[in-house]
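Taken verbatim from Swiss-Prot:
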ACT_SITE  Ser265  active site, proton donor
ACT_SITE  Glu337  active site
DOMAIN    26-236  domain 'FAD-binding PCMH-type'
REGION    158-184  region 'Insert'
Amino acid sequence: MSAHRIRARRITRRNVPLAERCSFRIGGAAQFWAEPRSCTQLRALIEEAQRARIPLSLIGGGSNVLIADEGVPGLMLSLRRFRSLHTQTQRDGSVLVHAGAGLPVAALLAFCAHHALRGLETFAGLPGSVGGAAYMNARCYGRAIADCFHSARTLVLHPVRSRAKELPEVRKNAQDKRGECLGLDGGPFTCSSFQTVFARAGDWGYKRSPFQSPHGVELHAGRRLILSLCVRLTPGNPAQIRKHMQEKIADRISKGQFRFPSAGSAFKNNPAFGKPSGILIEEAGLRGTSCGAAQVAPWHGNLIINTGNATAHQVRTLLRVVRQRVFETHGVWLEREIIFSGESVRMTSSSRDS
């Protein structure tokens with residue numbers, strides 16, 4: 001299958017701007033972009049891209065991602081059309097809510113409010129998609145997705161055994177010396193099975209889920225793609241549920257989370273550090289620090305904002321400055337929460353930037 005045939009598919013477009021699809025409003029274009037409408041289309045796109053030796057990546061709601069200024073090579077998949085939503089009432093009175101990975105978190109919350117289902121109120125105002133929230137094990141006001149997670153339907157990218165002993169760099173051409181298609185971890189893969197993943201306590205942690213990958217949005221062998229999420233909720237008082245949601249949204253607004261484009265929290269909190277990352281950053285005197293149009297928010301240390309036409313390079317530089325200054329001040333290295341995507345980001349990232 002040639003790259004031309006990939007482009008020719010009606011659901012695939014070329015050179016699609018990504019800045020407008022991400023909350024940071026930063027980044028170049030996707031070389032190829034597709035929004036499959038079904039699991040069949042998704043599977044076909046992945047397999048065709050593999051045969052054509054085209055790198056693959058997957059983006060959720062774009063609320064936690066920094067796209068490289070040069071854009072993203074290969075085919076970027078979006079599951080924004082996976083928006084199914086239905087419920088199952090259980091014998092114990094609880095309700096299982098099944099939501100497609102591409103459904104906006106706001107739409108899921110509106111559904112829960114309308115049907116008086118309690119358990120997700122603290123996520124009111126959270127940007128992004130259901131799949132992205134599950135992938136990150138999103139945590140808001142002390143409650144995480146893991147607290148109500150029941151199961152997720154996934155597509156598994158199984159590794160394909162290769163005869164090659166040594167594999168060349170695949171970030172540029174995604175193929176080995178024989179032209180064999182490779183996953184971005186250096187091995188070929190195929191999407192040969194669907195799998196339902198159920199809750200297991202050991203698989204989850206602070207901002208950690210069993211779906212996460214060190215490759216970020218890039219697809220590779222062993223990756224499980226979230227197609228839909230199932231959460232267990234309980235019936236509640238509709239007025240109280242709406243009130244709780246409105247309070248959380250108002251609190252987010254008062255904290256300036258929506259004043260400028262951003263990717264949310266820049267760094268994860270670490271209980272071992274004794275203080276939230278935002279406080280450590282502020283104590284290092286970094287509020288308002290800028291690199292071009294990228295700035296540490298003057299009102300919140302753990303928020304990097306785009307004050308105008310910031311570039312991904314400026315954001316990455318500012319992230320490095322913040323980490324270095326916090327280390328010099330407190331002796332700890334902050335862990336980045338923002339996910340990097342794109343060729344130059346992958347090639348320039350190091351453990352010190354993680």
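Just so you know, glycine gets a Cβ as well, placed from its N, Cα and C.
Remember, predicted model here, so these are calculated numbers, not experimental data.
Spacing of the residue listed as 'active site' relative to Ser265 (active site, proton donor) is 7 Å (Cα to Cα, whole number). In this model, the domain 'FAD-binding PCMH-type' (26-236) carries an average pLDDT of 86. Once Cβ contacts within 10 Å are tallied over all protein chains shown, the active-site residues Ser265, Glu337 are led by Ser265.
Classification of the residue listed as 'active site, proton donor' by DSSP places it within a strand.
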